[in-house]
Every structure is written in structure tokens, then in C-alpha cells.
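Taken straight from Swiss-Prot:
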- 3-23: transmembrane segment (TRANSMEM)
- 55-75: transmembrane segment (TRANSMEM)
- 80-100: transmembrane segment (TRANSMEM)
- 118-138: transmembrane segment (TRANSMEM)
- 161-181: transmembrane segment (TRANSMEM)
- 197-217: transmembrane segment (TRANSMEM)
- 235-255: transmembrane segment (TRANSMEM)
- 262-282: transmembrane segment (TRANSMEM)
- 287-307: transmembrane segment (TRANSMEM)
- 341-361: transmembrane segment (TRANSMEM)
Amino acid sequence: MMQIFIAGAVAFLAAVLFTPVLIRKFSDEGLGQEIREEGPKSHLKKRGTPTMGGIAILVGITLGYIVAVLVGLVFTGSGPGVSGWLVLGLTLALGGVGFADDYIKLVKGRNLGLNARAKLICQLVIAIAFGVMILQFPDSNDITPGSTYLSFVREMPTFNIAVGGAVIGMILFLIFINIVISAWSNAVNLTDGLDGLASGVTAIVMGAYVLITFWQFRNSCADGAAAGCYFVRDPLDLAMLASAGLGACLGFLWWNASPAKIFMGDTGSLALGGLVAGLSITSHTELLMIIVGAIFVLETVSVVIQVTYFKTTGKRVFRMAPIHHHFENGGWAETTVVVRFWLLAALAAMTGFGLFYGEWLTATSF
């Protein structure tokens with residue numbers, strides 16, 4: 001428990017203190033966000049706002065987790081779990097892709113950043129590496145960080161993704177991992193369109209996963225098989241990482257709240273999407289994350305609907321997509337959209353955790 005709080009506190013302090021350093025540096029160098037002319041007209045005044053603030057989020061998450069691990073080594077003698085390192089690696093790797101994209105846009109002056117093919121290849125390589133490694137490193141109970149079984153609040157034994165033999169099964173599993181990672185990283189990226197929206201929603205999702213992974217730690221099958229126990233490797237490390245993500249997002253939100261002094265850029269949004277995906281995979285709650293992260297899902301689905309309907313009929317379903325711009329163009333103030341989406345995100349997170357806890361109560365009542 002102590003390590004979880006320390007991870008969040010250190011991450012918050014690191015992000016809240018390092019972000020203004022980035023604001024000054026990027027402002028001095030003129031590395032400001034370009035605003036698309038076809039976007040909401042109210043956003044044109046944001047042109048030139050420093051971006052790549054996701055660097056501060058990554059610093060916060062990394063420092064928060066490492067300090068918490070060191071505290072565990074000193075006070076409890078317990079070393080870090082491999083699951084935490086793998087998810088942190090995924091987060092940093094996708095953050096690196098986002099940084100390259102931001103850097104090319106801002107420093108090299110190429111408006112579109114990395115081309116779609118290069119970005120896709122980078123994400124593909126990272127996801128494959130992550131997918132392969134999470135099936136390695138079994139602990140003393142033969143539990144690996146990942147599982148080939150599809151999961152809701154825990155593994156579903158009747159839904160094995162890796163069917164059809166070792167080779168075909170591995171290919172199917174890696175395709176699934178690629179879909180999960182790509183979906184969440186792009187979903188957070190789409191959500192990052194209003195001041196404080198993506199950082200606030202991600203903080204709420206991370207808060208839910210602090211509770212979920214801590215409960216898995218308290219009821220781990222590694223401590224002895226019992227009714228309702230969870231076959232999750234290193235749940236305490238996952239809780240520490242979720243707490244670090246929560247703290248880093250809140251620290252960044254201090255400066256990213258309207259009117260934003262800095263944007264996270266693709267550096268932050270792709271990294272946070274990786275963190276969301278990694279936590280859902282290693283905690284064996286991929287389908288539950290769809291509920292907990294419902295705002296991210298809503299934003300993505302709105303874009304899919306808009307693009308599909310427009311290509312089919314030449315007409316639009318929404319005034320503008322993602323859907324937060326639909327409400328903004330409908331007369332809602334930007335802060336109103338953000339706060340209401342935060343409230344919906346909190347409702348989704350509570351619903352998801354309620355389902356998670358309710359299943360545990362059911363599993364332990366027989």
C-alpha cells in the first residue's frame with residue numbers, strides 16, 4: 001500500500017515541477033502547436049501553445065514507479081516484478097513514437113509528422129515485441145504477465161485466442177495484442193482535443209486501475225489458491241504503475257487545464273494509450289477496460305461513424321468528430337464539455353470497478 005501512494009505522489013511532483021520547465025524551453029524555442037483551419041474556430045487562439053508536454057508525463061510515470069520499487073527493496077526486500085517493467089517499456093516506447101512524430105512536425109516543419117506507414121510499422125514492432133515478452137517470464141506459480149485467454153474481469157477459459165496450433169495460435173495472439181495496443185493508443189490520441197480532456201479522463205481510468213490491481217494483489221493466487229483469487233503476475237507492480245500514471249496525469253493537468261499552458265502532444269497521448277492497453281492486458285481485464293475507458297471508446301466510435309457515413313452518403317452524423325467537437329460546435333463552452341466528459345468518465349470507471357468487485361463477491365460466496 002505504501003509503495004502505491006509513493007508512486008503517485010512522486011509522479012505528481014515530478015510532472016507538476018517539470019512541466020513548467022518544458023513550457024519555458026519550448027516557448028523560447030518557438031515550438032508551438034499548429035491549429036488546423038478546419039477545426040473549431042475558437043481553437044485558433046491556441047496556435048503557438050507549447051506542445052510535447054507528454055515528456056513530463058513520461059518522466060513522472062518513470063520516476064514514480066522506480067522510486068516506489070526502490071522503497072519496496074529497502075523496506076520490504078521485495079524486488080520489482082517483470083510485469084511492471086514490460087508495461088513501462090511499452091509506455092515509453094509508444095511515447096518515443098509520439099515524440100518522433102511531434103519532433104518532425106515542430107522542429108523539421110513537416111506538418112503531418114511521421115507518415116502513416118512509418119507510424120504503423122513502429123507501433124506494429126513495439127506491439128509484437130510486447131506480445132512475445134508477456135508470454136515469457138513465468139513466476140514460481142507458472143503465471144506469466146500475459147495470457148492467451150480473452151479476459152473480462154478475469155480470464156475466460158472458454159475463449160483461448162491462440163488456437164490452431166503453436167504457430168497459428170501465436171500469430172492470432174499477436175494480432176489481438178496489436179489491435180488492443182493500436183486501438184487504445186489511437187483512442188487517447190483522438191480524445192486529446194480539448195484542454196485537460198485526455199489527461200483528466202486518463203487520470204480517472206488510472207484511478208480505477210489502482211483499485212482493480214490492488215484488489216488483485218490482495219487476492220492473488222500466488223499467495224495460495226482461494227475462491228475468487230486472481231492469476232495475475234505482479235499485481236502490486238501494476239498498481240504502482242497505475243498510481244504513477246494517475247499522479248503524472250494530475251501533475252500535468254495542473255498546467256494543461258483550460259486555458260492550457262502546454263499540450264501533451266502525441267508524445268503523451270500515444271504513451272498514455274500504451275499504458276492503458278498494457279494495464280488491461282497484464283491485469284487480464286481487456287474487455288473490462290472498454291467499460292472503464294468508455295470515453296475513449298466513445299471518441300473513437302464517433303470518428304468511425306462519421307467517416308463511414310460521410311464516405312457512404314456524403315453527409316455527416318455529427319457537426320464535427322471526435323464527438324467532443326460536436327458538443328463544442330453546438331454551443332457548449334470548452335470547459336463545460338471537458339467537465340461533463342470527466343463526470344461521464346468517472347461514472348464509467350465506477351461502473352467498471354463495480355462489475356469487477358461484484359464478480360469477486362459472486363466468486364467468493366459459494
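Positions of Cβ are set from backbone N, Cα and C atoms, glycine also.
Small disclaimer: the values here were computed from a predicted structure and weren't measured.
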Best-contacting stretch, by C-beta pairs under 8 Å, relative to the transmembrane segment (262-282) and drawn from 55-75, 80-100, 197-217, 235-255, 341-361: 80-100
The transmembrane segment (55-75) and the transmembrane segment (341-361) contact flag, 3+ Cβ pairs under 8 angstroms: no
For the transmembrane segment (3-23): best-contacting stretch of 118-138, 197-217, 235-255, by Cβ pairs under 8 Å: 235-255
The transmembrane segment (341-361) and the transmembrane segment (118-138) contact flag, 3+ Cβ pairs under 8 angstroms: no
